[in-house]
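Asker: The annotation GTP binding site is assigned in Swiss-Prot to 88-95, 150-154, 205-208. What Swiss-Prot lists as compositional bias 'Low complexity' is 1-29. What Swiss-Prot lists as domain 'tr-type G' is 79-283. The annotation region 'Disordered' is assigned in Swiss-Prot to 1-31. Residues or ranges marked as region 'G1' by Swiss-Prot on the basis of similarity to another entry: 88-95. Among the features that Swiss-Prot reports, region 'G2' is placed at 129-133, with the record citing similarity to another entry. The annotation region 'G3' is assigned in Swiss-Prot to 150-153. Taken from Swiss-Prot, the feature region 'G4' applies to 205-208, supported by similarity to another entry. The transit peptide annotation in Swiss-Prot covers 1-69.
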Amino acid sequence: MASISAATATSSTKLVSSNSTNPLLPSSTKPSKLILSSSFTPNCSTLFLHSPATPSSTATHRHRRFTVRAARGKFERKKPHVNIGTIGHVDHGKTTLTAALTMALASMGNSAPKKYDEIDAAPEERARGITINTATVEYETENRHYAHVDCPGHADYVKNMITGAAQMDGAILVCSGADGPMPQTKEHILLAKQVGVPNMVVFLNKQDQVDDEELLQLVELEVRELLSSYEFPGDDIPIISGSALLALEALMANPSIKRGENQWVDKIYELMDAVDSYIPIPVRQTELPFLMAIEDVFSITGRGTVATGRVERGTVRIGDTVDIVGLKDTRSTTVTGVEMFQKILDEAMAGDNVGLLLRGIQKIDIQRGMVLAKPGTITPHTKFEAIVYVLKKEEGGRHSPFFSGYRPQFYMRTTDVTGKVTSITTDKGEESKMVMPGDRVNLVVELIMPVACEQGMRFAIREGGKTVGAGVIQKIIE
């Protein structure tokens, strides 16, 4: 079976730009923390990105060539599956930790050890010493199977991080014990809160560079206070200190190191024990009708077209009929293959990152931003009413008010589409002509293209490379 793995989350969409501060990738998304009603099934994120207000440079999309390998046998669902990822400031050691994790857990079976430069895969990333893409690796502990996303930490590419952050059931916040929390540490914690990452474990890295134990304790205290300030339970979150680099070097020298044989490798095991115990297995929305937002599309010669993404809800099996909804006319197709991590799957369920092979669909018929759904369960719409929070200047939002007729970008699931604000109502129900930064308002929005959306769905509003608002759909109008 040709591989239609969603381990292709080392996405084929590549962002390269000479001095790009505004990556233009649409974001994959998940719930934010605008709690407005308990009946919502939130899907879209509010993406709080504090990118510098520099002129938008010309970012070019370059597509990496796909190497399609044969599926390596069947995916066995023996353990509960959890999506996690590393977040934190640039050069604090996220990718190094990811490499150390895969190598330490390779002895558990089913986890291929990955070297640092295999995770930090693309040449542009290594050349600048900065991760620009999101790479997914898999590994297992005794109790669970993990899909791990390595998120970029560089401020210019925070936008690209969304693709990874939105797929997390929990996160490992990597913070250098030598430097303490930095601007992007804060940004990523805020972002995790907004895109609905429910739980977090902290790894204080570079412990070997801190001579004084008291300094490390001060950094730990600072991290706990920072987490509490963003409404995470800072006092309860497990914080493990260690050195990802020294652990990785020890594992490279001797891949069969067991627990108790090296203090730095033991810290990696200790971290995963904390992740196992502290990050709960998420309740999947498996009972609901199937829906998957398409993140990427590619062709396999002789087999057909594959759509990859994260199953948001429900289940899908080979032979199921699905609708392709949004951006163009809705059409139906049959799923002829389901794979995860280059292994054949009987059934994909909510939370899985999968590739679906679709019958009779050409690559040009389908694109990122569309959704695959159980027939008749979701329809494309262009007009809706939403409750929106407009970010203040201090939160990275607009400095000035906007008026009726305002045309920003609306980010929904994996798509971004221009929309026009046609009417403004205050939260007291009075009509208004103007929206100030910091306001909470009801807006009626008209999109220029139909998008699969529904009541309770969350979205972000962006303009000029920064997030200016966050909202949730109250009512579909047309």
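Yeah, the Cβs are placed from backbone N, Cα and C, and that goes for glycine too.
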Asker: I'd like the number of other C-beta atoms within 10 A of the C-beta of Asp91 (GTP binding site), please.
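Answerer: Excluding its own Cβ, the number within 10 Å is 18.
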Asker: Please report the DSSP secondary structure of Gly88 (GTP binding site), reduced to three states.
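Answerer: It is in a strand.
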Asker: Based on Cβ atoms within 10 Å, give me the single least packed residue among the binding-site residues Gly88, Lys94, Gln207.
Answerer: Gln207
Asker: Can you give me the average pLDDT across the domain 'tr-type G' (79-283), rounded to a whole number?
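Answerer: Averaged over the domain 'tr-type G' (79-283), per-residue pLDDT gives 80.
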